[in-house]
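What TrEMBL says about this protein:
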COMPBIAS  744-761  compositional bias 'Basic and acidic residues'
COMPBIAS  762-771  compositional bias 'Low complexity'
DOMAIN    11-51  domain 'Cadherin'
DOMAIN    56-152  domain 'Cadherin'
DOMAIN    153-261  domain 'Cadherin'
DOMAIN    262-385  domain 'Cadherin'
DOMAIN    386-494  domain 'Cadherin'
DOMAIN    491-617  domain 'Cadherin'
REGION    734-802  region 'Disordered'
TRANSMEM  632-657  transmembrane segment
Amino acid sequence: FQVITTGNPVLDYETMPKSFDLQIFVEDTTGRTDLNILTIQVTDKNEHPVFRGNMAFQTVTIYVLEGTPPERIYQVDAADPENAKLKYSLLPATVPFSIRESGAIFSTKEFDYEKDPHCYFLNITVTDPDGLNSTKTVNINIININDERPYFTTKQRIYRIPEEQSPGTIVANVTAKDPDDEDSPSRLFYSIQSSDRHFSINPATGVLQVAGRIDRDALPLRLHPNISLIVRVEDGPSSGRASEMEITIIIDDVNDNPPECNPSAFRKEANENTAPGTFLVDLRNYCKDIDVDPSNNQFSFTGLSGFGSNNFALESTVSGRLVMTGIIDLESPTNPRVEVYTLTVRVQDIAHPNYSSKYPFYISFDNIIYIYIRIKPVNEFFPVFRNLSYVFSVSEITKVGSSIGRVHAIDKDWPPNVITYSIVAGAGTRDYTNIFWISPTKGDVRILARLDYETTQKHVFTVQASDQEKSTTASVTVNVLEVNDEEPVCSPNFFSLQIPVNLAVGTNINGFRIECQDRDSDPRSFRYIINKGNENSHFIFSPSAGSNTSHLILASRFDYEIGLDTNWIYSLCVHITDDNLVSARDKTTHLIKTGTVTLSIRVIPNPTTATTTTPGFTVVTIRENLYSPSAWYVPFVVTLGSSLLLGLLGYLGLLLLTRLRARCPPAGRARGTPLFHFTFCVSSQTMTKINTVFDGEARDPVTGRMYEFNTRSGARRWKKSNEPLQPALAMQVMSTENSGQGMDRAEAPSKKEPSEKRKELTAATKPAAKPSAGQSETPGQAGLRLQKKNEEPEDGGLSSPA
């Protein structure tokens, strides 16, 4: 039996165990066995060095830029399986490279791509101490860099071309070469460095050509016809090596401009009747030929033509002076009344023109000048109104802004002057500075404020027509037509009344009378109509028409018991119209105005006490001062004045006491006799009670409370069980103002001073007859209606139990 190696893996002393113990098992055919150990010792063997890294698998290629200074360009990595120290070497020895003991490869010179070889092959050998070695090849390529400037091969530097060459015209072919390209065609890039819009260069071929219009007659070529270009050639599109060359191009002038006039149309004015020979315009001052060469900029004026050109002439073809030759009068019947004459003059080059390059579609080489001569009218005539005076009749209700008429004036000048209208006098009232307005261009007269026949029946003002130089005036009279435009104004226009429920029919309610006025109507033209609020027609006015005064009359009795009347307060809206004197046929067209009066009538249930005499009353006025921060000085002044007054009174009292003591000695005065006597008068009123038998009861419609009444006298009192009635002794009222007609009414309180309030308290007064002792007080006595003292009450002025 043999023990052999399998070769998978191969025995390696450096990486595998140094010995192996193998168990050998043996067995014969009879089943007998045996086991033993076989030890195999692995011995070391010297092996070749091995390269590691990229060199272990492939040939390494190294790139070195030309111009790079000597430096380390690669690190060789190799190892010995026995970890022995290795030695590095390279061949051939003549190459400009070296290798160090560490395996680092260094370049020994600065390479020039244009002079040195472009590629080197190095054999790198690594050897162990026993002489075993391994070799690998390293390729070194020298990379070309752009380190040479291109140079121009074109020798010509000055070129000459005429102006106005078409774009794309070739001026020169610039060529150059790059040493870096060796014998291969150079890939160069051409450009123009100087700022110039006339020329361009092909960046690939270097062809210089015309790029834009070249005008020798325009600045700056007019003064400096030479154009200098800096042409640059580069061996790269950017950041490459470059060279520059200056090229000069001279521009020659040609007769490429016709004469031009600026402006090409002239507008001149000449007064009518201008004398012949009058100078109008010198065309040469406005025309020129901009060609630089004097032989190309000479021109002449010919061919004066146009309607009415016989009135004008040119002095010569060279001067270009235009003068008058005839007299033009615009108002003359023989004049065609042409205000503007249109003339034409031809301006042309004297030298043969060469416009084809600049103006390819130019047919005529002549320049036409248009001259517009306006004959300026002279203002010889004054404006004239068609009428010396105007009269307009206008209703007083015409709306503000309406047109009321028109004035018109004419001017004999031709062409007619623009006439402006204005108001120069009048047209105002006491309240308005301008009540009329006139259109400056049309003469249309309008009103600016409302007309009022009752104030002014006629307006007279003066209008003026002006042509900016001359003017004339005319008188305008505006008659205001009367229209019924005023509403009746009645006094009072609001009133509050109180009447008892049992007021007799036909009674003038509280003596109320309405009085009306109308500025534009007769006093007999009023009609009085209760428009609304008059339920069941209880109220009428008498007279109902034909007078400016009317009284309020009760037309029918109130009936609350059966429910015919349910309203206790009537708000009457009274309309007063001014159409009483207008016939029925004219009422459809006649303007009718209406005034309005509002009345508030309160119906009082049957009073609890029938008083036949005027009850007296006491008015107590309380004034309360209120402090105002703005009146801070008032307390100071009052205090100071009071102090001075008290001091003066004290001083006078001392003087008086001294004089009395001098005349009346104290010894003659009886004991206990006072020196001064004062008398105080006190006015008092007593409340009396009337013994009344109350034989009926009813419910107060205002408060809903039950009260008792006497069927004969009408006296009433609140109904209370087993408790005497405590009457209200006082009530707060607002001060009223008597209208002079003896009626009771409540009006709005008068305005108070800011620093005080006024309160009026009224106390119950004595009744007409003294009641006997033991009679109870009635609710009517507690709610007496207040009147001014010593004033007689009107019928029906009773107060409610409430």
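The backbone N, Cα and C atoms fix where each Cβ goes, glycine too.
A TrEMBL annotation is a machine prediction, not a hand-curated record.
Residues 3, 5, 76-83, 86, 126-128, 130, 132-134, 136 of the same chain, all 6+ positions outside the domain 'Cadherin' (11-51), place their C-beta atoms under 8 angstroms from a C-beta of that stretch. Sequence-distant contacts of the transmembrane segment (632-657) (same chain, at least 6 residues past either end, Cβ-Cβ under 8 Å): none. Across the domain 'Cadherin' (491-617), the DSSP tally of helix, strand and coil residues reads 9 helix, 55 strand, 63 coil. On the 0 to 100 pLDDT scale, the model's mean across the domain 'Cadherin' (11-51) is 90.
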